[in-house]
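Data block below; observations after.
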Amino acid sequence: MTKKDKRRRNKNKNKNKNEEKKDIQSEIVIKSVNIISSPQQSEQSKQPAVEKSEDEIASNIFFEKSFNEGNRQR
């Protein structure tokens with residue numbers, strides 16, 4: 001094998017790896033879009049508002065903040 005053949009072979013390998021990475025990334029994006037736009041969230045938003053005590057509201061806010069911070073750390 002000549003040097004040119006080796007270079008071509010390596011270029012093709014790298015090109016295939018990059019295409020596989022792009023395919024995987026696009027799958028992840030598609031799945032995340034499906035999760036975000038799921039009908040469950042729209043049904044939940046249609047439910048009437050329920051009065052909550054101040055303690056419940058405070059605990060919900062604390063939970064949401066800690067959950068969001070956990071997602072940022074990933």
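Backbone N, Cα and C atoms are what each Cβ position is placed from, and that goes for glycine too.
From a predicted model like this one, the values you see are computed outputs, not experimental measurements.
Over in TrEMBL, the protein carries these features:
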{"type": "COMPBIAS", "residues": "1-15", "note": "compositional bias 'Basic residues'"}
{"type": "REGION", "residues": "1-74", "note": "region 'Disordered'"}
{"type": "COMPBIAS", "residues": "16-25", "note": "compositional bias 'Basic and acidic residues'"}
{"type": "COMPBIAS", "residues": "37-48", "note": "compositional bias 'Low complexity'"}
Secondary structure content of the compositional bias 'Basic and acidic residues' (16-25), with strand meaning DSSP E or B: 10 helix, 0 strand, 0 coil
Tally of residues which DSSP labels helix, strand or coil - the compositional bias 'Basic residues' (1-15): 13 helix, 0 strand, 2 coil
